[in-house]
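Student: Below: one structure in C-alpha cells.
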C-alpha cells in the first residue's frame with residue numbers, strides 16, 4: 001500500500017515545474033483545438049477570471065492562442081512543420097502559461113506531428129550519365145538523391161527503376177539514415193549497338209496514400225578510357241564558420257587520373273547538391289576550389305551535403321561525398337519580451353510579489369545561446385529565473401510612492417559568447433498611492449496677535465498642513481479639536497483653507513490670551529490626522545478712559561449742589577503744602593494705562609499745582625490773607641493712548657485754620673445751591689406751560705380753518 005501511494009501521488013499532484021504536453025498534426029486551421037489548458041492546469045471555470053490565465057511564447061510568431069472562453073488552447077495560424085523544424089524530429093513548440101492569485105508559471109510543450117503533405121522530388125528533372133563501353137559489369141553509378149521534407153514513415157522510403165536488361169537499381173543506406181540510389185551495370189555495353197539508354201527513377205514515400213516523384217535518366221555510352229579519376233579523400237569533411245565572408249575559399253577537392261592527355265584532364269562539378277546549398281557554394285570546374293557565394297547562417301542551416309563529380313577527358317568519372325558543418329558564432333543578440341502582471345503597483349505591495357514575466361531567447365547555440373539577465377541600477381526589484389528562458393521580476397524591498405512614483409526598469413540580457421552580445425528592454429512601472437502619510441503642519445504651534453474690539457469674522461491666522469500622499473489621500477481638511485477653557489466660542493476654522501476667523505469681538509480687559517487645537521485630516525480610508533496648537537494673544541486698545549476714584553463725584557440732585565470733595569487748608573500753609581491727592585485708575589494696559597495729571601482750572605491758578613505723575617495737589621506758594629476763603633480746583637487725568645482719553649476731578653478747598661471755621665462757608669454754599677436749584681426748577685416749569693399754550697393755540701386755529709372749509 002505504501003509503495004502504491006508513493007507511485008500515485010506524483011500523478012495526482014503535478015508540480016508547477018512539470019510540463020503539460022500536447023500533440024497535434026500540422027496544417028490545422030486557425031482556431032483548431034490543441035487541448036483543454038485550463039482544465040489540465042486544475043482551474044475551474046469559477047476561478048478563471050481571478051486567476052487571469054495567459055500564455056507567453058518567446059517565438060517571434062505566436063502559433064497558439066487562448067480561445068474566447070479563455071479555457072482551451074487553440075491554433076492561432078497555419079503551422080507548417082517542415083518550415084518550422086525542417087528535418088528535426090520531434091518538432092516541439094514551447095510556451096509558458098501564467099496564472100495569478102497566486103502567481104505561477106506552467107510550461108507547455110506542443111509536439112507538431114508530421115502529415116504526408118509533401119511528395120518526394122529530385123533536384124534535377126533530367127540526369128545525363130556517360131558510361132564508357134568498356135566498363136565492366138557490376139560497376140555502380142550514384143544517382144541524385146530524392147528529397148522529401150516529411151519525416152518518419154511519411155519521408156522517402158524507397159526508389160524504383162524502370163526495367164532494363166542492362167541496368168538495375170541498388171539502394172544503399174548511409175550512416176545518417178538517408179537512402180542513396182545507385183545504378184548497377186548488369187552486362188557490358190556496346191556503343192556500336194546502342195548509344196543511349198533512357199530510364200525513369202521513381203522516389204516513393206511511406207505515407208497513406210503513397211506519394212512519389214520521378215527524374216529521367218539518360219545514359220550515353222562512350223568509347224573506352226581505362227583510368228578513371230581518383231579523389232585524394234574518400235569523404236571530405238569541412239567545418240565552416242557562419243560569418244565566413246562571401247567569395248572566401250571554403251575548401252578544395254582534388255582528384256588525379258593515371259591517363260595522359262585529354263583523358264587526364266579532370267573537370268569538377270556538383271553531381272548532387274541540395275537547393276538550399278546550391279546558392280551558397282560554387283565549384284571551380286578546373287581547380288576544384290569551392291567558394292562561398294551566399295551568407296552562411298548557422299540558425300538557418302547547420303549542415304549541408306553534396307556530391308562532387310570528377311570527370312576526365314575520356315568520360316570516366318569519380319564521385320566523392322562532401323559533408324559541410326556550419327559552426328556557430330555569436331552573431332545573434334538575445335531578445336526579450338516583457339509581460340507586466342501588476343501595473344500600477346500599490347505602494348504597500350509586499351516584497352516577493354511577482355510584477356512581470358520576462359522571456360529571453362537567443363538563436364545561437366552552446367555558450368553563445370546561454371543568456372543571463374540583470375537589472376540596471378539600484379532599484380527595489382530583483383530577477384529570479386523561473387525556467388531556462390523565463391525570469392520573474394519580483395519586488396525586493398518596500399516601495400514608497402512619495403520618494404519614487406514610477407520606476408523605469410531597464411533589463412539587460414547578455415549571452416556568454418566571445419565577444420558577448422547583449423540587448424536591453426525597458427518597462428515602466430507606476431506606483432499607486434496608499435494613505436501612509438499623516439498631514440504635517442508647517443509649524444507645531446502658531447501664535448496670532450489680534451487687537452481688541454476687532455470685527456466678528458475678521459481673519460486671525462492661517463494654518464497649513466501638507467500631506468505627501470496624492471489624490472484624496474493628500475487632500476487636507478481642518479477643524480477645531482479643543483483648546484483652553486472657554487476658547488471655543490471665540491474662533492472658527494475654515495475646513496478647506498485652514499483660515500482661523502474670530503467669531504466675536506475680543507476684549508482685552510476680559511480675556512488677554514487663549515489657545516485652541518486645530519486638527520488636520522486627510523481624505524484617505526482610514527483617514528490620518530495631526531494636531532497643531534494656535535495661541536491667540538489679544539492686544540490692548542485705548543478704549544477705557546481713566547476713572548477717578550478720589551475725589552469721588554456726588555450722586556443725585558442734592559449731591560450736585562454740594563461740593564464733590566473739600567479740603568481745609570490752613571492760611572498758614574507754606575508753599576508745597578499737600579492739599580490732597582487725586583487717585584485714578586485705567587482699565588487698559590501698557591501706555592494706554594499710563595496716567596498723567598494736570599491742573600486745568602483753579603480760583604487762584606498761582607496758588608495750587610498738581611504733580612504730573614503722582615496726582616498730588618500742593619500749594620504753589622504760601623497762602624496769604626488776600627486769598628479768597630473758598631477755592632475751586634479742577635484737575636484733568638490723561639492716559640498715553642492714541643488718541644488719549646481723560647477724566648476730570650473737582651476739589652473744593654476752604655482756607656481756614658480749623659474745620660469749625662470752615663463750616664459757615666460750606667453752609668452758605670449749600671444754601672446758595674438750594675436757591676439756585678429752586679430757581680432752575682421754576683424756570684423749567686414756566687417754559688413747559690408756555691409750550692403747552694402755544695400748541696393748544698395752533699390746534700384750535702387748524703380746527704377752525706377745517707370747520708370753515
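Glycine is no exception: its Cβ is also placed from the backbone N, Cα and C atoms.
In case it helps, TrEMBL gives these features for our protein:
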DOMAIN    16-122  domain 'Cadherin'
DOMAIN    123-231  domain 'Cadherin'
DOMAIN    232-336  domain 'Cadherin'
DOMAIN    345-441  domain 'Cadherin'
DOMAIN    442-548  domain 'Cadherin'
DOMAIN    569-666  domain 'Cadherin'
SIGNAL    1-15  signal peptide
TRANSMEM  681-704  transmembrane segment
Student: Can we call the domain 'Cadherin' (345-441) and the domain 'Cadherin' (123-231) in contact, meaning three or more C-beta pairs below 8 angstroms at a sequence separation of 6+?
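Tutor: With fewer than 3 qualifying Cβ pairs, these stretches do not touch.
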Student: Could you tell me the mean pLDDT the prediction assigns to the domain 'Cadherin' (345-441)?
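Tutor: Mean pLDDT across the domain 'Cadherin' (345-441) comes out at 91.
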Student: Six or more residues out from either end of the transmembrane segment (681-704), which same-chain residues have a Cβ under 8 Å from its Cβ atoms?
Tutor: none
Student: Please identify the stretch among 16-122, 232-336, 569-666 with the greatest number of Cβ pairs below 8 Å relative to the domain 'Cadherin' (442-548).
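Tutor: Comparing 16-122, 232-336, 569-666: 569-666 has the most Cβ pairs near the domain 'Cadherin' (442-548).
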